[in-house]
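Reading through the structure tokens given below for one structure.
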Amino acid sequence: MDFLKNQDPAVYEIFEKELQRQTDHLEMIASENFTSPAVMEAMGSVFTNKYAEGYPGKRYYGGCEYADAIEELAIQRAKELFGCEFVNVQPHSGSQANQGVYLALLKPYDKILGMDLSHGGHLTHGAKVNASGKIYQSFFYGVNDEGWIDYDRVLDIAKIVKPKLIVCGASAYPRVIDFKKFREIADEVGALLMADIAHIAGLVAAGEHPSPFPYCDVVTTTTHKTLRGPRGGMIMTNDADIAKKINSAIFPGIQGGPLVHVIAAKAVGFGENLKPEWKEYAKQMRINASTLATVLMNRGYNVVSGGTDNHLVLVSFLDKDFSGKDADEALGRAGITVNKNTVPGETRSPFVTSGIRIGSPALTARGMKEAEFELIANKIADVLDNIHDVNLHEKIKEEMVALARKFVIYDRPTY
């Protein structure tokens, strides 16, 4: 088990430092999580050596019988997990999955209607700096002044735009997404409907958030975040024709050989998601996020939409004299890792922002519950109340490190 340590101590030393960082810091970036040693072990397996262009039973290389077996297992487990008919587990990331759907279902300059990035959307939902906003004509809907999606307004925009594809899903929206409403809107304007559930997939799998099926034509997700699997992407549908187009779009459309070792790890992760204890984890994720939101509101902070239904909390500082970047850096000094984030009504640049996004997945994976989240939320508020008090931040960091070391998740950097 010491091959890397003995062969390349310089690399191993960096690994050890990252392990120490992950152990000592309270990871509260909503898109990050701690995957299991079994998933990491699968990613470091002999499958990292195998090329397998194509799909099970239709490869361009020989010697793929076991690559076929592991990919078929991942597909079957994903189908069971999400209750769908067709799954492509080859996308290298959520962005690749979204790009694959667009290539499959759209032509250049077709219209996309997605959620505004500053209102909680994602780059790949048509942002002008992303390929999705360069290849296609992108239009946006957002949230109202209270931070909720206004479905009547979405319908009004859709009637004007007449998009070929509507994208529902977000990277910083703390409320339940009403897929049925989006289906009604899509049907009214004759659009296809895609759900990007990258952030909430683990909740959907556990029944803690409504499923996008049967309302959406196609569904994309990452396999990490709330699913706690390896970093990767996936596309799902119940439509055989769409599935065929998507398979061709992923390979040979935008990718060559799949990452078979990552697909193996996806299979392991899906196996974990199918276990009864997964439902308990997902439920605790929501409870912990709700605890966090309640404490912050009680401490006088503006939680966007007035709370949360999922794993994340979005805090706005539009009423404060400091920025999201200031808060991000101050909390980092206190041993709490969050990310600066744009908020509804944003007045600052995306590099500065007026808010932060805080998530519960990683600390819930470490075994923390309401008591710990109440304590941490109060420490977050203490930091924000004293945004420039570096000495206080360092004192709080000592307390947070002591707390973190009670919930150690890894005993070594590689598995």
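Each residue, glycine too, has its Cβ placed from N, Cα and C.
Under the heading (6S)-5,6,7,8-tetrahydrofolate binding site, Swiss-Prot lists Leu117, Gly121, His122, Leu123, Ser349, Pro350, Phe351, citing sequence analysis as support. There are 23 other CB atoms within 10 A of the CB of His122 ((6S)-5,6,7,8-tetrahydrofolate binding site), with all protein chains counted.
The Cβ neighbour count for Lys225 (N6-(pyridoxal phosphate)lysine), using a 10 Å radius over every protein chain in view, is 26. According to Swiss-Prot, the feature N6-(pyridoxal phosphate)lysine maps to Lys225.
Sequence-distant neighbours of His224 (site 'Plays an important role in substrate specificity') (same chain, 6+ apart, CB under 8 A from its CB) are Ser31, Asn33, Thr35, Pro230, Arg231, Gly232. Here Swiss-Prot flags His224 as site 'Plays an important role in substrate specificity', drawing on sequence analysis.
Cα-Cα distance from Gly121 ((6S)-5,6,7,8-tetrahydrofolate binding site) to Lys225 (N6-(pyridoxal phosphate)lysine): 16 Å (rounded to the nearest whole number). Within its own chain, Pro350 ((6S)-5,6,7,8-tetrahydrofolate binding site) has Leu117, Ser118, Thr342 as residues 6 or more apart in sequence whose C-beta sits under 8 angstroms from its own. Taking a C-beta cut-off of under 8 angstroms and a sequence separation of 6 or more, Phe351 ((6S)-5,6,7,8-tetrahydrofolate binding site) has the following same-chain neighbours: Lys325. Just so you know, the Cβ of Gly121 ((6S)-5,6,7,8-tetrahydrofolate binding site) picks up 26 other Cβ atoms within 10 Å once every protein chain is counted.
Phe351 ((6S)-5,6,7,8-tetrahydrofolate binding site) falls outside any helix or strand according to DSSP and counts as coil. Spacing of Ser349 ((6S)-5,6,7,8-tetrahydrofolate binding site) relative to Lys225 (N6-(pyridoxal phosphate)lysine) is 26 Å (Cα to Cα, whole number).
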